[in-house]
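Residues or ranges marked as repeat 'PPR' in TrEMBL: 185-219, 220-254, 290-324, 325-359, 395-429, 430-464, 465-499, 500-534, 601-635, 636-670, 721-755, 756-790.
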Amino acid sequence: MWVWVSAVKLVSCRRFIKDKLLIRSCSVSGLACLNPTCSNLEEEASHTHNKTHVSDAIRELDAVNVVEVLNNLKNVPSNAFSFYCQLEENGFCHNISTYAAMVRILCYARLQKRLNSILLKVIRKKNDYPGFKIMDLFEVVVQNESPDLVSRMSDAFMKAYASVAMFDEAVEILFLTKQYGFAPSIFSCNFLMNRLVECRKLDMAVAIYQNLKTLGLSPNDYSYVIAIKALCKMGDFEEALHVFQEIEEAGVTPCAFAYSTYIEGLCAHRQSDKASELVKEWVISKVPIVGYAFTVVIRGLCNEMKLKEAESVLLDMQKQGFTPDMYDYSALIRGYSKAGYLLEALALHEEMISKGIKTNCVIVSPILQGLCHKGMVFEAFEKFKEFEKFGIFLDEACYNVMLDALCKTGKVEYAVEFFSEMKVKQIAPDVINYTTLISGCCIQGKLFDALNLFREMKDNGHKPDIVTYNVLVGGLSRKGLMAETFNLLNYMEALGLKPSTTTHSMIIEGLCIGGKVEEAEAFFERLEEKHLENYAAMVNGYCEANHTSKAFELFIMLSKLGYIGSKASCYKLLRNLCLEGEDGKALLLLETMLSLNFNPNQILCSSIMGAFCRARYIEKAQSLFNMLVHRGLTPDVITYTMMINSYCRMNRLREANDLFSDMKKRGIRPDVITYTVLLGSCFELNPGGSHSVPHAEKTKVNRMRLSALETEMKDMDVQPDVICYTILIDKNYKTNNTQDATNLFEEMIDRGLEPDTVTFTALISGYLRNGDREGAVLAVNEMEMKGIQPDDCTVSVLQHGGILKARKVEFQH
């Protein structure tokens, strides 16, 4: 209150002089407020009485008095501001003149924060001040003021508007200043442009940049950078390059940040290759770029999964004298881990540490995640412990990677131990950690443990979120515990947590898994608003409960309405139809999916074609194959091999050869299994399709075909496996290439491949076919030495060759 008392003494206003008692009351009140020992009831009552007098007196003041006081205090702006605030606190209603006086004082004193607080109060509560508009305040403030002050005031108003994203008003102030014949500050224009870019008002930012000269301003370094950033975010890279030309024309050397901003824009639009080439060009041209430009390119290439290119940029960066930091290595490690190239990720991590760059939990987390995604949970656990030994702090996110992996692989007991270890190390589990472990317990059917964790979570002050409740609801419903499921649902709603579409879907699917299909149907029907996800859950539920026909009917009904459900539900239904031998329905389902531009993945198509091939529905398989090719979904090597094998089994070798040729034309590299299938069919081929081809001619043709395939395998560096070697040995014996067959057997041994029963049977049969009983006996001896037991086929060959009787060899079956 001392400021109020001082202000009162300065005013030569009749109302203040006339009421000296009031001034004394104010003084007493002020002293009372400052006296912490004022505790008895009488003093407090006196204090309250005096304070009431002050408030009444303040309400009697008019704006003229207040403006006069403020002007008298302008040389002590902090006192003026306190006086202004205390008036407001005690019920005085400021008007346009008192606001204007206070704004001028703060503007002169350059007290930006206080000025901004007053302007923001007016802007945010403009409806509370019906006596004037905010633009009116600006016009009153700038009247008869110096150019410097007008510029400062316009900057303050513009920044205040920009800070609360009222950009139209900010721009109006900008051009209003110009109308008054003054130029705003370039720094304020930069602030406004930057805020526009942050709020994605890119067109407005570019428009202001283009009008800077109209406003009488010259862009500075930062203006150019903001313009480049805005244009790059818009994807207008050509116009952004024009800004660089404008910089040169202005005789200004572009700063490194301008170049980095352009590179960042290219990478954000997935043009990292172009950004990489540009950085190389700029390095050669001696353009002033910094290491950050390389970092941006590395990060961009990694986001596009162009990892080898990103690593090449890292090497270039070092050649140019820039030292990579943790962010460069982190991007590469994350990229390689995500792609499943864990050896490369670990090698980079080792390289990073060897250079003295500190690692952290953010960098090692993707490595752990990559190992877990590959099913290498034990290796991830070992690596986790290794990171701990190195002194790396592993946070809740790292622990959650391990918890999630252990739970998904059914090792919930280990996950519980891991969770306990976390708490021992004073790492407080968060909602995600608890939810992950609760989910693991629910999947294993350990609902008692899940509910205990849920209670512990709440007792420790963690508020379960919708995901936690969804997990529990799913666990209860999968056990068929309907009452408990719906009780939890009601409890959720009582807490103000509205069940989501996912909640409903988990209940539907869970009840079906729990054998409560009718209850799931009833719950589904009761839903006021049915989402596509709910229909998909019903399809999944039917599939899980082996109600495939119902699932198919629901799918067809939805497809007629233009809905198709999720990929997961379609895949599950297709698999079920194939497993149940409903090939016609499977094909219809697939055709429906394709007609609605819902392309299945290669794995699913291969499994469907596999089902057709196994059922010897080769025409249906070929129809599906052709459909995929027509849709631009090039089949992979597995699909081609499967189709080739089916044609070979049906002795339709011409079609098999046509597919093999088509496969190579499309650039799909055949693997050892493809060649094994073709080699196995060599002796089935009849030249010209005739069944009366002489044996000698047939053998000659097959020998040529066998030789061609062997040569092709060598040219393509396709290494035979045991099965392939066995077929090659057998076919060479059948074409009288005894020496080649023997050489192949020796080559197989030299490569460290162990022959099996079938291989020895083919070898023995070949020897006997060529009258080499001694070679057959040696093969039998070697077979015995290796402990390889014969099968019925081997015994039959030995009996036919008379070896069993002659040697009196006894094989145990």
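Note that Cβ sites are derived from N, Cα and C of the backbone, with glycine treated the same way.
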Helix, strand and coil counts within the repeat 'PPR' (465-499) (DSSP): 26 helix, 0 strand, 9 coil
Tally of residues which DSSP labels helix, strand or coil - the repeat 'PPR' (430-464): 26 helix, 0 strand, 9 coil
Residues of the parent chain within Cβ reach of the repeat 'PPR' (220-254), under 8 Å, 6 or more residues beyond its termini: 186, 189-190, 193-194, 196-197, 200, 202-203, 205-206, 209, 212, 261-262, 264-266, 268-269, 271, 288
Residues of the parent chain within Cβ reach of the repeat 'PPR' (325-359), under 8 Å, 6 or more residues beyond its termini: 291, 294-295, 298-299, 302-303, 305, 307, 310-311, 314, 317, 366-367, 369-371, 373-374, 376, 390, 392
Rounded mean pLDDT for the residues that make up the repeat 'PPR' (430-464): 90
Same-chain residues near the repeat 'PPR' (185-219), Cβ under 8 Å, at least 6 residues beyond its ends: 151-152, 154-155, 158-159, 162-163, 165, 167, 170-171, 174-175, 178, 226-227, 229-231, 233-234, 246, 250
Structural state census, the repeat 'PPR' (721-755) (DSSP three-state): 26 helix, 0 strand, 9 coil
Tally of residues which DSSP labels helix, strand or coil - the repeat 'PPR' (500-534): 26 helix, 0 strand, 9 coil
